Structure formats: structure tokens, C-alpha cells
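Encoded as C-alpha cells, here's the structure I'll be asking about.
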């Protein structure tokens with residue numbers, strides 16, 4: 001009897017499972033709503049948290065800062081083209097979206113479209129008359145941006161996409177929301193004009209029509225859908241700010257933000273959609289001028305709390321504009337045919353709200369970006385002055401012990417300064433940037449004084465300290481380096497993880513200078529050291545720096561040749577050099593096969609797929625970046641100074657350092673520095689930092705002798 005009853009219960013449970021599947025799928029259908037709010041910045045986020053009426057709204061969901069840098073100057077149009085394409089893109093003058101029946105200079109826009117393309121427009125479609133110009137312009141860039149790829153992919157996989165609203169102001173039409181969902185022909189579906197309503201006292205004479213928007217959102221959708229709402233109230237407000245009275249601007253500013261907050265609250269709480277994103281494609285001019293150049297992204301899903309991160313940046317609370325297309329496709333479970341550089345944004349569940357923590361971290365990013373030029377230009381100038389002073393002492397052979405002692409302290413202080421720049425960035429939570437610079441100078445000088453006075457081998461000691469500190473930080477996931485003034489910046493966006501070229505130059509030379517001690521010059525330890533440094537520099541989870549990896553391989557190869565095989569035939573030497581280069585590149589490839597895909601692994605993937613154009617374009621961008629840095633960067637003065645001084649050293653040959661071991665290390669360091677210059681996109685920077693350590697070391701050894 002018990003057996004029959006158990007079988008009956010199992011059968012009923014089986015029926016429930018079968019019947020429950022379609023109900024579950026229908027109840028949690030894949031619908032996503034993205035609210036584009038141009039001119040929304042973290043200044044507005046802070047205002048809403050301090051003055052808003054809906055505290056619970058901001059305590060749920062997740063928040064992140066987005067690097068929205070396009071291929072060109074920041075603008076709403078350039079940024080939205082980049083977001084929609086999953087690649088850095090550019091807009092074209094006159095770009096806009098229209099529906100049939102609208103006029104442009106007194107002519108029906110659909111007639112202009114037909115005159116320019118020879119094609120007609122179907123009723124009910126949103127179209128872009130200059131779509132062909134946008135495609136052509138982005139084909140000619142080194143990014144080869146594919147315009148319309150998101151909308152086309154969604155359409156091919158049965159996802160309906162719609163756009164509501166605009167950012168029109170008076171007679172000026174601004175409709176960039178459809179750019180996000182248009183297909184490969186420049187068409188989209190939606191309600192451009194129905195999203196706003198007249199309002200005489202509001203900027204542009206219109207405001208967002210919340211009732212009409214909710215009517216559209218509440219319309220049943222049988223298939224998965226993506227709805228984009230272009231919320232233009234803030235854009236219109238900032239467009240007219242220069243003509244408005246300050247008090248009236250503040251009043252309208254408050255109204256615009258509270259209306260947005262109220263709309264979001266209704267959207268989240270009333271279940272119009274289960275998944276909501278708020279994205280700013282461009283911060284307002286005030287935030288931009290204040291160098292707060294990361295845009296807010298909020299994500300609400302099923303009332304849960306989480307923080308957002310991406311494999312593109314590998315940092316909490318920072319994602320890239322290149323992540324948006326992969327994220328949307330991943331949401332709809334679409335396997336992208338194209339290889340996107342960006343990765344889907346991940347939601348990492350948390351117990352409590354993360355907003356305050358995120359804003360604190362983002363505020364530090366803004367502080368560092370705002371003061372980076374001042375701090376680095378002052379720092380670089382001090383390094384150049386340090387070299388000039390010590391050069392005078394050495395060149396004129398001043399024999400006074402006091403001045404020699406001062407020169408030694410200054411040299412060790414200079415060598416130690418990258419260490420302090422590495423380990424102190426989070427002190428900016430507590431002190432002002434100008435105080436930070438004073439702290440950096442003080443700590444470096446005290447280090448120089450103590451090391452020269454009490455450490456028997458100062459250069460070796462500092463090499464150990466620099467090598468160990470950078471290695472530990474790499475193993476910790478770049479915790480210090482990603483916020484250091486000498487590291488990389490999420491707003492600049494050239495790199496988000498691994499070891500940047502500034503520290504790469506220091507790291508290579510620090511590893512090389514360990515060979516000053518006889519213990520480390522044993523061939524087995526040289527092999528262990530070289531393989532360890534190659535692994536740390538190349539691994540996708542650690543350094544992820546291809547140029548530095550190859551430079552390290554060449555550096556250790558040159559040292560091995562000069563130290564162990566100085567009389568080798570040049571033909572054999574060339575063969576061995578080419579083999580070592582091939583082995584280094586193979587080593588670099590092998591280290592990309594484990595862990596998250598890095599930009600290096602992505603480049604290898606594209607190359608193995610036969611896309612050599614991508615490699616050529618990447619090389620072009622690296623050369624352009626090097627030339628740009630050489631022309632405009634503060635690092636150029638250090639680069640030129642150190643290379644002139646080392647050229648003078650090489651010209652004098654044995655006149656400065658008599659030890660053969662030390663001369664070999666200096667020569668090997670020069671080889672490493674030149675290789676870094678040639679193989680990195682910011683090679684001027686890596687060459688400057690590496691050559692600075694080499695020059696300081698050679699000067700210290702000269703003073704010691």
C-alpha cells in the first residue's frame with residue numbers, strides 16, 4: 001500500500017514539474033528596459049542620495065561607473081555610437097532619427113532619405129537618413145566599428161526592440177536613443193514623439209510624458225523585448241543653463257531629478273519590467289569640466305542587491321562602454337557571432353547595499369584623475385632636477401664628502417619613489433593631493449637617508465624592495481597599482497588590470513639589478529628568475545603585459561649571451577636570439593590559456609581566426625599613442641634627460657663604473673629600456689622609468705667608487 005501511495009505522489013510531482021515549466025517561463029519573460037539619461041552624472045547621483053525622496057530605490061540593485069570614452073572627443077553622439085557597437089566609434093554631423101511625416105528644412109524627411117539612398121521607408125519605422133555616412137566613417141577607423149550590430153543581432157534572434165522619447169530642444173532634434181537598437185539598415189521601432197508632452201515653463205518647452213511611457217510599457221509583449229527610453233529632461237536643462245537665472249535653474253534641476261527618481265520608483269515597484277538599467281551616455285558639462293568623466297550605471301533586478309563588475313576591467317564598480325552590447329546579448333541568452341572585446345557585466349550578490357562603498361571608490365578615482373597631471377608633472381620635474389644635480393657632482397668630480405653623501409641620498413630617494421607611489425594611493429582617502437606630494441617627497445628622502453646610512457648594499461636592497469612590492473601587488477590583483485599615480489587610470493581606460501608600463505619599466509630593471517649579487521648570477525638562479533618574471537609579466541591573471549614580457553625575454557637573453565657566451569659566433573647568436581624570441585612569444589601565448597581572457601588573449605584569438613587587420617590596426621594605434629605621448633606628455637622630459645645622460649655614459653665607456661659586472665648590468669638595462677620603447681603603446685613612459693633607474697644606479701655606483 002505504501003509503495004502505491006509513494007508512486008502516486010511521485011507521478012503527481014512529475015505532472016507539476018511538466019506543467020510548471022511554461023508558467024515559469026511566461027512569468028519571468030526576458031524583458032529589459034534601458035533608460036538613457038544624457039547629462040546625468042555622479043553629481044546628480046550624490047544630489048539624489050542627499051536630497052531625494054526614495055531612499056530604498058538607491059539601496060537596491062547595483063551601481064557602477066562606466067568608462068564611456070569613444071574614438072574621438074567625448075560627446076553624446078560619439079558615446080552612444082560606441083555603446084551601441086561594442087567598439088569605440090564616431091558619430092557624423094547631422095545624425096538623427098526620424099519618423100515619416102517630419103520635416104527637415106521644409107522637406108519631408110522620408111523624401112530626403114529616398115533622394116540620398118534610393119530607398120523608401122515603411123510606415124511606423126524609425127529611420128536614420130545618414131546611416132550610410134555613419135557606416136562609412138567608422139569603417140575607416142582603426143577600430144572598424146560595426147554600426148547597427150546590436151539591433152541586427154536582436155532582430156535575428158526574435159527579440160523585439162523599441163525606443164521611447166527624445167532629447168529635442170526647441171527646433172533642434174536630438175534623437176540618439178534609436179542608435180542603440182537600430183539594425184544594419186539603420187531602422188528601428190518606437191515612439192519618438194509620444195514620450196514627451198508640452199510644458200511651457202520647462203527647458204525646451206517639453207517634459208517627459210510619464211503616463212504615456214507607462215502606457216507603452218504596460219502593453220503586453222509576447223516575445224522577449226528590449227525597450228529603450230531616452231529621458232531628455234536633464235539634457236534640455238543643461239542646454240539652456242547658460243541662458244537661465246541661477247535660482248530658476250536650481251529649481252528646474254531639483255524638479256527634473258525628483259521626476260526621474262519618481263519615475264524609476266514606479267517602474268521598479270509596480271512590476272512594469274523585471275530588469276531595469278539606467279545608463280548615462282554622457283555626463284553634463286559641469287561634471288566633464290570638473291574631470292568627473294565616468295558615467296553612472298544602475299541596474300535593478302527582482303529587488304535584489306548586488307554590485308556590478310566586468311572581466312573587461314576586473315575592478316568592482318567600474319565597467320566599460322564596450323561591455324554594454326555583450327551584456328544585453330547575454331541577458332537574452334544570445335551567443336554573439338562577432339568577437340566583442342567587452343564582456344558581459346556580472347552581478348555579484350551582496351548582503352547589504354553597496355552604493356556608499358561604490359561612491360567612495362569612485363570619488364577616489366575622480367580625485368586621482370583630477371590631480372594626476374599636477375602630481376606627475378611635479379614628480380617628473382623633481383626626478384629631472386635630481387639627475388641634473390647628481391650629474392654636476394659626478395661630471396666635475398667634486399671630492400667633498402658631504403656633497404657625495406647628499407647625491408647618494410638623492411639617488412636612492414629617486415629609486416625608492418616608485419615604491420612609495422605604489423603603496424600609498426589609498427592615503428588620498430585621508431589627505432589632500434598637495435599634502436600627498438609632500439608626503440611622497442618626505443618618505444622618499446627619509447628612505448634614501450636611512451638606506452645610505454645603514455644598509456651595506458643600497459642598490460641591491462632597493463632592487464629587492466621594488467621587485468618584492470610589485471610582485472606582491474601583482475599576486476594581490478593589482479590592488480595598489482590600479483589606483484597609483486604611477487599606475488593606470490579607469491577614466492583614461494588604456495588599461496584596467498595587470499602591470500602598467502610605468503611600473504613595468506621599474507619592475508624589469510629591479511629584477512635585472514638582483515644579478516649584482518654573485519648568488520643570483522648562478523645560471524640556475526638566472527633561469528629561475530627570468531622564467532618567474534616572464535610568468536608574472538605575461539600571465540592573464542597577473543601582469544598581462546605583452547610588450548614587457550617580450551622585453552624581459554630579450555633582456556635576460558642579452559644578459560645570458562654577454563655573461564656566459566661572450567665569444568659566440570654572430571650567426572649562432574642570431575639563431576639563438578630568434579629562437580628565444582619565439583619561445584618568449586610562445587610562453588606569452590601559453591599563459592593566456594588559463595584564467596580570464598585578457599586583451600593579449602583576445603589579440604591572439606583574432607590573429608588565429610585570420611583577422612590580421614585587427615593586429616595591424618592595433619599596431620597603428622600603439623604607434624599613434626607613442627607619438628602622442630612623446631609630443632605632449634610630461635614623461636618626455638624624463639625620457640630625453642635619461643637617454644642623453646646614458647648616451648654620455650656609453651660614450652665615456654669605462655670612465656664612470658669600473659666593475660665589469662656592473663657595466664654589463666647597465667648595458668643590459670639600456671637594451672631592456674630600448675626594447676620597452678619599441679614594443680609598448682606607451683613605450684616612452686616605460687623607457688623613461690626604466691632608464692631613470694639605470695641612470696640612478698650607474699651614478700650611485702660611480703659615486704661609490
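Just so you know, glycine gets a Cβ as well, placed from its N, Cα and C.
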Checking feature assignment: transmembrane segment per TrEMBL, candidates 336-355, 496-515, 516-535, 596-615. Which range matches?
496-515
Does the transmembrane segment (408-429) come close to the transmembrane segment (459-481), meaning at least 3 CB pairs under 8 Å for residues 6 or more apart?
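The transmembrane segment (408-429) and the transmembrane segment (459-481): touching, yes.
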By Cβ distance under 8 Å, which residues at least 6 away from the ends of the transmembrane segment (685-703) in the same chain are close to it?
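Non-local partners: 383, 386-387, 390-391, 393-394, 404, 407-408, 411-412, 414-415, 418, 458-459, 486, 501-506, 508-510, 513, 547-548, 551, 629, 633, 635-636, 638-639, 642-643, 645-646, 649, 656-657, 659, 662, 665-666, 669-670, 672-674, 676-677.
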Which listed range (408-429, 435-452, 632-651) shows the maximal number of Cβ pairs under 8 Å with respect to the transmembrane segment (496-515)?
408-429
Do at least three CB pairs under 8 A connect the transmembrane segment (544-561) and the transmembrane segment (374-396), leaving out pairs fewer than 6 apart in sequence?
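Result for the transmembrane segment (374-396) with the transmembrane segment (544-561) is no.
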